[in-house]
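Take a look at the structure below.
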C-alpha cells in the first residue's frame, strides 16, 4: 500500500493507536497541541533535530526500523547532555508519495520502541508529503531538577575531561559505507542505532559531578570546542588516552590515517564532560554502577592555550577543532 | 554570500545575536537544549509544523520575510486554538546550498519579528543543508492555565458554531497564483502572512466561552469534522452565514463555483469554536473589545445527522468534509 492511499489522517490514526501515554501527559495526539504538565521544581529541556535523506542518512545503508530508533536517540542524546530525562517526543515527517506504508510502519515501530526504552512518549507532530527526500524532524522535551541542568559553560582550568564509551566507531562505519567496504555489524549499529547516555547524564547531573557537558554529535574536537568557547577555557587532549573500540583499533592498525575519525568524525552520541580531578574515584564508581565506561582524555587549561593535542611521544600540536560543516557542499 | 561560506556555526551565531530572550527562559540558544520554566499552575502546550518548499509554499509566490513570518504564525495558531499564549519557538531549517544568505537573513528577520509580535522568543533549533527543497520545521511551546485548555472534544448538541474573521481568502489567493492571475495585495497577505488569533483564543479560554475549538488550517469542513469526531456530534452549517471578505465576495459574484474555497480551502488560520447559544451577547462583546469579528455559522446537532450544509433556499445537503490530503499526489 502506498501512503497516498492510506491518507494523512489514516496514518495519524495508526500512530495515535500505537502511541502510549505517560506521566504528565494530559492530552497527547489528537488536538492542536499536546497538553502537558511538568513535575513541580523541574525545568523544561527542549531539543530539536532534523534528519534529511541524502544529508544525514541514505535509505540504502540502513533500514526503516533503525532509522526510526536513531531519530529518537539523537534527540534524546541532547536531553542526556543536559542531565535530564526525556519525556515527550514530537515527530514531523515529510514522506515521498511513493514511500511504502510498510516501511513507514517499520519506521514508526522503531521510533516508538526507542521512545519506550528511554521512558518518553510520542505526543504530537505533523505529517505531509515530501517532493523529494524523506524528511524527519524530531522535537524532544525533557525535565531536569531546577538548577541541576549541566551546560556547556562551567569548565575551568584544572578540571579533567572525560568521555563515555568509545570514539570514532560511527564515523568508521560511515567511512566503510562510503567506500563500499564490508562492515562489522557492531560498527554498523554504532552508526545506525546509537544509544543516548540518559542514565549517565542524569547521574552526573544529580551528583553534581559534571561541571560542563555536551554530547559528541559533530565530533570530539568540534564539541569540545563548543565547551571551550562557552566556558572561555582551553584544553589539552591526550591522544593516547582516546577510548577506541576493538573494531576501531583493528582498522587503525591497518590504516593509521583513520585516527581523525575518532577526533572529528561525529555522531558518537557519547557524553563529553569536565569534572573536578579529585572526583575520579566517584566518577569511576558511578561508571561501574551504570556499566558505562568513562575515560579521562585530557585536562582543561587556560583559554590562551587553545585546544591542544599531545601524542604518545609527548609532542603537542594545536588541534583543528572544525567538525562537520552541515552547509559545506558534498 | 552563500550559506556554504558563512557556515553552520556562523549562521547560528547570527541568529543567536538577533534572538531576544523572554520570561521563563533560563538558557536559550547555545546549549544542547533550551532550559525553560513555566509559571506555576500553567500547563505546557506544544505544537509542531513542517513547511516544505513545493508542498506548502513556492518561493516565487512569496518573499523570504513573509515566509519567516508565516512559519511562526501557523504554529502559534495551534497554541491559540487551545486558548494558550505562545512562549518559546524552535526553528529547524534545511537550506539548499546555493540559497543566498541575504534571503536567509530576510527569513530570520520575518521570523523574529512575528515571534516578537506574539510575545514568543526563539530559543533553539537545528540548521543543515537540504539536498533540494527549502525545509522549515517549527516547534512552538505555549502555556495555558491548568484545565483551561480548549480541546476539540467538548462540543454538544444545541451549541452554536462560530468562526472568527473571514473564510476562503487564503485559498482564493492560492487559486489565483496557480492560475497565474493577478492578485489583490490584501488577499495575498491573507495567504502569505496570516495572523494567529492569540488574543481571541486566550480570552475564549479564560472566560470559558469556547467549549471546543480548532484553528482552520485544513479547511472549514475538515476542521469542523475534527471537532465533530472528537466530540461525537454532528453539525448543521448555514451556507448563507459564512463570513466572506469583500474581495472574496467580488470574486464569487463573477465565479460562483469558487464557493468551495470557503468551505474546504484551508489555511484560513481563523478560530472555529462551539459555544453555548445563550452566550451570544458575551461573545459579541468580547469580539468588539478585541476588534476581531466572529460569526455564528451553524449549530451542533446529534452525531447521527452528520455534517450538513443548508443553503439560502433552505435546502440541506450532506457536506463532504474531506480537506486537503497532504499525501495525495498533485
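One is the number of the first residue shown, and numbering goes on along the chain from there.
A Cβ is built for glycine as well, from the same backbone N, Cα and C atoms used for every other residue.
Together with B:32, B:47, the Mg(2+) 4 site in TrEMBL holds one more listed residue from B:78, B:98, which is B:78. Secondary structure counts, DSSP: the domain 'PurM-like C-terminal' (B:157-304) has 76 helix, 29 strand, 43 coil. Nearest Cα neighbour of residue B:267 (substrate binding site) among the listed binding-site residues (B:32, B:47, B:78, B:125, B:152): B:78. Note: the Cα of residue B:49 (Mg(2+) 1 binding site) and the Cα of residue B:215 (Mg(2+) 3 binding site) are spaced 13 Å from each other. The C-beta environment of residue B:56 (substrate binding site), restricted to residues of the same chain at least 6 apart in sequence and closer than 8 Å, consists of B:50. Between the alpha carbons (Cα) of residue B:215 (Mg(2+) 3 binding site) and residue B:126 (Mg(2+) 1 binding site) lies a span of roughly 27 Å. Residue B:267 (substrate binding site) is surrounded by 24 other CB atoms, counting those within 10 A of its CB over all protein chains shown.
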